[in-house]
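Enquirer: This is the feature table in Swiss-Prot:
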type     : residues                                                                : note
ACT_SITE : GLU462                                                                  : active site, proton donor
ACT_SITE : GLU538                                                                  : active site, nucleophile
BINDING  : ASN103, ASP202, GLU462, GLU538, TYR539, ALA540, HIS541, ASN605, TRP1000 : substrate binding site
BINDING  : ASP202, PHE602, ASN605                                                  : Na(+) binding site
BINDING  : GLU417, HIS419, GLU462                                                  : Mg(2+) 1 binding site
BINDING  : ASN598                                                                  : Mg(2+) 2 binding site
SITE     : HIS358                                                                  : site 'Transition state stabilizer'
SITE     : HIS392                                                                  : site 'Transition state stabilizer'
Amino acid sequence: MTMITDSLAVVLQRRDWENPGVTQLNRLAAHPPFASWRNSEEARTDRPSQESRSLNGEWRFAWFPAPEAVPESWLERDLPDADTVIVPSNWQMHGYDAPIYTNVTYPIAVNPPYVPTENPTGCYSLTFNVDESWLQEGQTRIIFDGVNSAFHLWCNGRWVGYGQDSRLPSEFDLSAFLHAGENRLAVMVLRWSDGSYLEDQDMWRMSGIFRDVSLLHKPSTQISDFHVATHFNDDFSRAVLEADVQMYGELRDELRVTVSLWQGETQVASGTAPFGGEIIDERGGYADHVTLRLNVENPKLWSAEIPNLYRAVVELHTADGTLIEAEACDVGFREVRIENGLLLLNGKPLLIRGVNRHEHHPLHGQVMDEQTMVQDILLMKQNNFNAVRCSHYPNHPLWYTLCDHYGLYVVDEANIETHGMVPMNRLTDDPRWLPAMSERVTRMVQRDRNHPSVIIWSLGNESGHGANHDALYRWIKSVDPSRPVQYEGGGADTFATDIICPMYARVDEDQPFPAVPKWSIKKWLSLPGETRPLILCEYAHAMGNSLGGFAKYWQAFRQYPRLQGGFVWDWVDQSLIKYDENGNPWSAYGGDFGDTPNDRQFCMNGLVFADRTPHPALTEAKHQQQFFQFSLSGRTIEVTSEDLFRHSDNELLHWMVALDGKPLASGEVPLDVAPQGKQLIELPELPQPESAGQLWLTVHVVQPNATTWSAAGHISAWQQWRLAENLSVTLPSAPHAIPQLTTSETDFCIELDNKRWQFNRQSGFLSQMWIGDKKQLLTPLRDQFTRAPLDNDIGVSEATRIDPNAWVERWKAAGHYQAEAALLQCTADTLADAVLITTVHAWQHQGKTLFISRKTYRIDGSGQMAITVDVEVASNTPHPARIGLTCQLAQVAERVNWLGLGPQENYPDRLTAACFDRWDLPLSDMYTPYVFPSENGLRCGTRELNYGPHQWRGDFQFNISRYSQQQLMETSHRHLLHAEEGTWLNIDGFHMGIGGDDSWSPSVSAEFHLSAGSYHYQLLWCQK
């Protein structure tokens, strides 16, 4: 044990938090989570251990601007003005200090290993009693599962130790410091340490004791470490469970270790051996180690599809069977290897349907509870994810147990990121920082290697590539050859990775950055000598209204076997709840706490909102990742299973044929598909519709029974096909009265029955409509070529750093947002059966014509207004965001009904998950409440829209809400939006894609640009 004077002054003078060579003092060696059962049956059934005690709850707390401001007296007694906080928590979530959101830029001046003298410091204290029996024999430990960023610990006024690395446990032996009766802990937590330079992840920077704190009593002679591994014969019919056990304490001849393997109540195998390891070298082996190997016939294999778990119980006992201590862990029999360029699980090539996940809660910051963890896993499984990357640090220990149980493949990532360094590998190539990096990697492996869900180790994130990475790669491969190692830094394909794991590489487009080119994923596979699998560690940046082009990735993944999927960035929006002056909650992002530097809303890239409500993009991910694929030939549906191990046993295929959303025929067929197999389903003769319309066949795969992760009736996959249909023939209608045209100096007015249309002759716009005496418009109907910018449109552009390449800056510079209409023509003609209004507008900015819009409005005797629009786009202006019409309707109706793609928001490059049907939703559901307001709520492929007394027919896209594009563009947070009078309707003939390969460069694929130069669309507007 390292000895140090107990006084606070001496500790402060040492400044351990500014020494990369000091990562801990007196911290115990890493190991898997322990419970120290004294009853093997309790270990087998994973009952709460009587030897473990939680210290979570209310602690006394005092905050200081720097450690030097902490009074020495605090070591002995609580300060008179100390507050009470809950542990675990981040102190910023309790009003102390401010959370800081920054992506790349360090939140402190970069001068490693030194940190600011103004270093916020939290002083925690707790009094507690210890059971007398714990003091008589054995060792009492205290375990801090996570403290950010560094801390010193005192017990009863005596200094115990020091720890850093905020995402792994720090465990100390308290035995020598405890006494009978009341004991007092004092924990001084520093916000910044030299470790902060290794923790530059894209997340909120918070502080405090934010994971569990507990006491554990172990016997003097104890199990100090154990790890398990599984090995197989060629066909996986026989396995060996290898258990390596290490003890601490007096090494006696009578000591034995028994390892027993259980499947529920059944013991599958057992073995007993004395200590004494295998011969290592000419000096012998480890006297305190023993390795046992248990043979298992026909093991039930673990996978994310079928997460079969056994239970291994490790007993330390005497030769006569007297139990000293038991530890245990769940065991999954599975094998991970790379062979012939493929990542294999149990001999089958994986397709990673992955997502990156930060530990984030909108109310609790970085504190994770079991309910939130389970909620995340259930949502992932329900949306066809099978893998999660712990970005960018080891997670709460419980997370891995839950992933074992529910079935998720895990990339376990070391808590290392130096993104803000110039160059990025400034620390990772420096041998002085190797000890700190080594502890972060080796301790992660030692804690988590018993989990079957962990199939890949990661050396960290965005830290360049340095010699320290190479050393740690070799250490992992030596200690744990059963798992591949991945690391993206330095180009994603260095010698420190078994997997090509780029971030944001595109499907077909090279990004030839200097030193670290980012090739297209297809090209990467064909580079000379490259034989590794490619799995994107990050792709499809889901920031706000995003995930356009996602289907293109999945087409490539299914086409090229060595493209084995990737991890979407990312799972959850990292917004935090704040409260206004009236106590109302609102969602905050970077800068909202006065935090500088900050990266604004870049913390919100999730497929789900912070409260876990899904973004519409999540449905697109679910559909593209679905485990059943379909094809149609005639009346035969071919169903292909992409499950590798699971035979379908809880799936029904529901099919339905509908004409314009009206069902004509339906049925259901049980699915009986072998892993990676096919099933042909012959549909009956389908009825021929008597009328014209769109005829669609839709199939859904439904789970009739509940599972551990889904309710009964869960839909796991779906597909639609448009079928051959009758031609639409419009027969001459019976004669109607001809609308009456009247002309004044200012207007053309058309009147028919109780309806009137008014066109302003000066503007050329439809300025008003009446039904009876009720006005229908609050603003004229006019062309629209812009949208409230998406995050993907903005990129990295901001007021202090304009990116001229961003779409929004190109549109602004060209004048798209400022363009004004110059009327070139406005005429009215009475035809034999209708009135025809013709207008021509030139949309101009600073004397330049950007768009020319020619429109005709034909109002016939039935009261229908047929609008025909032809738009020419100037060749020297950026491709517009949309080509359409907009107006503010006077009505606010409760519901919206449409025939088209839905029900969720969809865009031209994100619509494969949308189905054609007749949909009916509340008006409020047509708006997507992105925290940073933007264009939202579009529905594509629309043939008919009904709202209030109005109906629109044609082939168009629309969104409808209480918020104008102008308000969305000018508002920084969704809670600041106010419902406007009436309803804003946007009807687009054409809409640009939204992109999503990344959010900092233009990422809309060329096929989704509005680049044609001239556009034509038609619309029929009538009243019901």
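Counting starts with 1 at the first residue shown.
Glycine is treated like the rest: Cβ placed from N, Cα and C.
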Enquirer: Out of the recorded positions HIS358, HIS392, ASN598, PHE602, ASN605, give me the one sitting nearest to TRP1000 (substrate binding site) by CA distance.
Expert: PHE602
Enquirer: Should any of the recorded positions ASP202, HIS358, GLU417, HIS419, GLU538, HIS541 have a Cα within 10 Å of the Cα of HIS392 (site 'Transition state stabilizer'), which are they?
Expert: ASP202, HIS358, GLU417
Enquirer: Taking Cα atoms as reference points, rank the binding-site residues ASP202, ASN598, PHE602 by distance from GLU417 (Mg(2+) 1 binding site) and give the first.
Expert: ASP202
Enquirer: Please list, in sequence order, every residue of the chain apart from GLU417, HIS419, GLU462 whose Cβ lies within 8 Å of the Cβ centroid of the Mg(2+) 1 site.
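Expert: Going along the sequence, the neighbours come out as VAL104, ASP200, GLN201, ASP202, HIS392, THR418, GLY420, MET424, GLY460, ASN461, SER463, GLY489.
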Enquirer: Listing them in sequence order, which of the binding-site residues ASN103, HIS541, ASN598 have their Cα within 10 Å of that of ASN605 (Na(+) binding site)?
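Expert: If one measures from the Cα of ASN605 (Na(+) binding site), the binding-site residues that come within 10 Å are HIS541.
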Enquirer: Among ASN103, ASP202, GLU462, GLU538, TYR539, ALA540, HIS541, ASN605, TRP1000, which the record lists as binding substrate, how far apart in Å are the two most distant Cα atoms?
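Expert: Looking at ASN103, ASP202, GLU462, GLU538, TYR539, ALA540, HIS541, ASN605, TRP1000 as a set, their Cα atoms extend up to 18 Å apart.
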Enquirer: What is the number of other Cβ atoms found within 10 Å of the Cβ of ASN605 (Na(+) binding site)?
Expert: 25
Enquirer: If you skip the near sequence neighbours and keep only those at least six away, which residues in the chain come within under 8 angstroms of PHE602 (Na(+) binding site), Cβ to Cβ?
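Expert: Long-range Cβ contacts: TYR101, ASN103, ASP202, MET543, GLY590, SER999.
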Enquirer: Please identify, from the recorded positions HIS358, HIS392, HIS419, HIS541, the residue with the sparsest Cβ neighbourhood, meaning fewest other Cβ atoms within 10 angstroms.
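Expert: Counting other Cβ atoms within 10 Å of each of the recorded positions HIS358, HIS392, HIS419, HIS541 gives the minimum at HIS419.
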Enquirer: Which chain-mates of GLU538 (active site, nucleophile) that are at least 6 residues away have a CB under 8 A from its CB, listed by sequence?
Expert: ASN356, SER391, GLU488, MET503, TYR504, GLY566, PHE567, VAL568, TRP569, ASP570
Enquirer: Name the residues of the same chain, 6+ apart in sequence, whose Cβ is under 8 Å from the Cβ of the residue listed as 'Mg(2+) 2 binding site'?
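Expert: When sequence neighbours closer than 6 are ignored, the residue listed as 'Mg(2+) 2 binding site' has ILE100, TYR101, THR102, GLY590, GLY591 within Cβ distance under 8 Å.
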Enquirer: Tally every other Cβ atom lying within 10 Å of the Cβ atom of the residue listed as 'active site, proton donor'.
Expert: 22
